[in-house]
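Undergrad: Annotation source TrEMBL lists domain 'Alpha-D-phosphohexomutase alpha/beta/alpha' at 57-96, 128-179. Feature annotation from TrEMBL assigns active site, phosphoserine intermediate to SER70. For SER70, ASP287, ASP289, ASP291, the entry in TrEMBL reads Mg(2+) binding site. According to TrEMBL, the feature domain 'Phosphoacetylglucosamine mutase AMG1' maps to 209-293, 308-447. Feature annotation from TrEMBL assigns substrate binding site to GLU383, ALA384, ASN385, ARG508, ALA509, SER510, GLY511, THR512, ARG517. According to TrEMBL, the domain 'Alpha-D-phosphohexomutase C-terminal' annotation covers 463-537.
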Amino acid sequence: MENHDKAILAASARHPIVPLPKGQFYNYGTAGFRMKADLLEGISFRVGLLASLRSRKLNGQAIGVMITASHNPAADNGVKIVDPMGDMLEQDWERYATALVNAPSDDELVAVYNKLAAELKIDLIVPAKVIYGRDTRPSGHTLVTALVAGLAATGAEHVDYKLLTTPQLHYLVRATNSEGTPLSYGKVSEVGYYEKLAEAFVRALRGRRIDGTLVVDCANGVGGPKLSELLKYIPKDKVNFDVKVVNDDVLRPEVLNLECGADFVKTKQRAPPSPKQQPGIRCCSLDGDADRLIYYWIDPESGFVMLDGDRISSLAASFIGDLVESAGLKNDLRIGVVQTAYANGASTTYITQHLRLPVICTPTGVKHLHHVAQGFDIGVYFEANGHGTVLFSPDALSAFRNAEPQSPAQKDALDTLAALGDLINQTVGDAISDMLLVEVILAHKNWTLRDWAMTYADLPNRLVRVEVGDKDRFRTTDAERRLLHPAGAQDEIDQAVKKYKDARAFARASGTENACRVYAEAATRSEANELAERVAHIIERYGAQ
Ligand code: 16G
Ligand code: MG
């Protein structure tokens, strides 16, 4: 049996783990390992070991590692593993990642590594392949060096794709593993990604005009240069796509996600202060690794108006639902929408009652939504924060290509659906691909952002972060909409909610920081605020116990 012990010991000494205070552990959470970058070098090394094991377990299929901290400040970073089809790491393996990373010494690290290999029946002679990329954070270099040391120590083949958006890495992992098969996902290169999107964009537009200028705020992250690159592949003679890329300074690390980007816009509910936008201009923001998207404009009368993930979800569901009907496939394909508890209640009502589509609520975190969306032929999933995509089953994709159209209108609908199958990233939420999708839909419907916003009125809502001693004491059920523990807390929340009209509230432990989050919505802004404050007090009280 191949033995990596010596190589791991030697390399681990060069990329040590930073010990945490007694009783604390590193945890592979919803965003992988994410924290201050100076704690991550040893973690990145160990993630390299795990990625090798995972690839070997899956007979040498390529595994991805993305180095990014998304919308977090520039001083943070993160390491996250991507499975062969481009989806998130299988849940059981999060535990193995956590076990490897928390091994207290180099010797114990080797012991955990070998124990995992034995328990999971992994043959260490099987070839392993890992591909990786990083966002624009300066700490990415050190973390890549540590990752490569882990891959080299375990004899894994590895490919450095350098700067990438997170969804580009997911694309490349799937493209690598499907290369040369009937299910090939596209060329295995960054250029292949641009070519695929640009071609599908033109095809999906079917000659329709895109109105006006689109201003894209790139959070001063990796999405800026990548979007500019993509735009070169969109033929000017075929499509009039007038895009102004702003906040794309990737040379000054300190400006990353600073007062700009999708997370800023969504949480502050205002446009980035710089550059100042003219009223009426169509704008959108990506986050630091370009997997979230939020649209907005400054209205001359009502001021800032935002179109978030719920809006993108209902827009996509309505457009695709209509196309499926026009294509004559309504009885053949099941369409569904997946949301989390954070989805505005008005969006849920619109989708179920107006679009007449089923909605399923899952816990927060893309992996949960993605998994449930896979259960439909067409699964539309978005978090309110702007992360999401539309998944098409193999049956749906083959129906788009092979159904016999009975009329020119049916053929047109089938062709548009087939183009969407290529335009929409099937591996993970992709802000750049989602942005092209929104532009296609608005062009087809001949809609402005205001037309889009008029489809329904959001319920006023408020999100509050509550500091608690130990957030893990707060355990939820019913897709995080109800608290199971601490006993009594949910009853008090129920009592508070009853006092308001059209109200809803829930509290859950964050998956990314030691705090609880409280969400409340109600018929008016002041009621939503008041309810959120009340529930926050309840959580504070239970949190202090
Ligand atoms: C992570 C999740 C995101 C979720 C957020 C919630 C992924 C790739 N990312 O960033 O989907 O909305 O966590 O954070 O799954 P919270 O648990 O701190 O509220
Ligand atoms: Mg992100």
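FYI, residue positions are counted from 1 along the chain as it appears here.
Cβ atoms here come from the backbone N, Cα and C positions, even for glycine.
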Undergrad: Quick check on the domain 'Alpha-D-phosphohexomutase alpha/beta/alpha' (57-96): DSSP residue counts for helix, strand, coil, in that order please.
TA: 7 helix, 14 strand, 19 coil
Undergrad: Near ASP287 (Mg(2+) binding site), which of the binding-site residues GLU383, ALA509, ARG517 can be found within 10 Å, Cα to Cα?
TA: none
Undergrad: Expressed to the nearest Å, what is the distance separating ASN385 (substrate binding site) and ASP291 (Mg(2+) binding site) at their Cα atoms?
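TA: On Cα coordinates alone, these residues lie 10 Å apart.
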Undergrad: Cα distance, GLY511 (substrate binding site) to ASP291 (Mg(2+) binding site), nearest Å?
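TA: So the Cα of GLY511 (substrate binding site) lies 18 Å away from that of ASP291 (Mg(2+) binding site).
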Undergrad: Cα of GLU383 (substrate binding site) to Cα of the residue listed as 'active site, phosphoserine intermediate': how many Å, rounded?
TA: 15
Undergrad: Kindly point out which of the recorded positions SER70, ASP289, ASP291, ASN385 have a C-beta less than 6 Å from some atom of ligand 2.
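TA: Checking each Cβ against ligand 2, the ones under 6 Å are SER70, ASP289, ASP291.
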Undergrad: Hey, which of the binding-site residues ASP287, ASP289, ASP291, GLU383 is the loneliest by Cβ count within 10 Å?
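TA: Output over binding-site residues ASP287, ASP289, ASP291, GLU383: least Cβ neighbours within 10 Å is GLU383.
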Undergrad: Does ARG517 (substrate binding site) have same-chain partners at least 6 apart in sequence with Cβ under 8 Å from its own Cβ, and which are they?
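TA: Long-range Cβ contacts: LEU463, VAL464, ARG465, VAL466, ALA507, ARG508, ALA509, SER510.
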Undergrad: Let me make sure I understand the structure: which of the recorded positions listed (SER70, ASN385) has the fewest other Cβ atoms within 10 A of its Cβ?
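TA: Ranked by other Cβ atoms within 10 Å, the recorded positions SER70, ASN385 bottom out at ASN385.
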Undergrad: Taking only the Cα atoms, work out how far GLY511 (substrate binding site) lies from the residue listed as 'active site, phosphoserine intermediate', in Å, as a whole number.
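TA: Each residue's Cα considered, GLY511 (substrate binding site) and the residue listed as 'active site, phosphoserine intermediate' end up 15 Å apart.
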Undergrad: Which one is it: of the binding-site residues ALA509, GLY511, which Cβ has the fewest other Cβ atoms within 10 Å in this structure?
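TA: Least crowded of the binding-site residues ALA509, GLY511, by Cβ count within 10 Å, is GLY511.
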Undergrad: Listed binding-site residues are ASP287, ASP289, ASP291, ALA509; which sit with C-beta under 6 angstroms of ligand 1?
TA: none
Undergrad: What does DSSP call ASN385 (substrate binding site) in the simple three-state scheme?
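TA: The three-state answer is coil.
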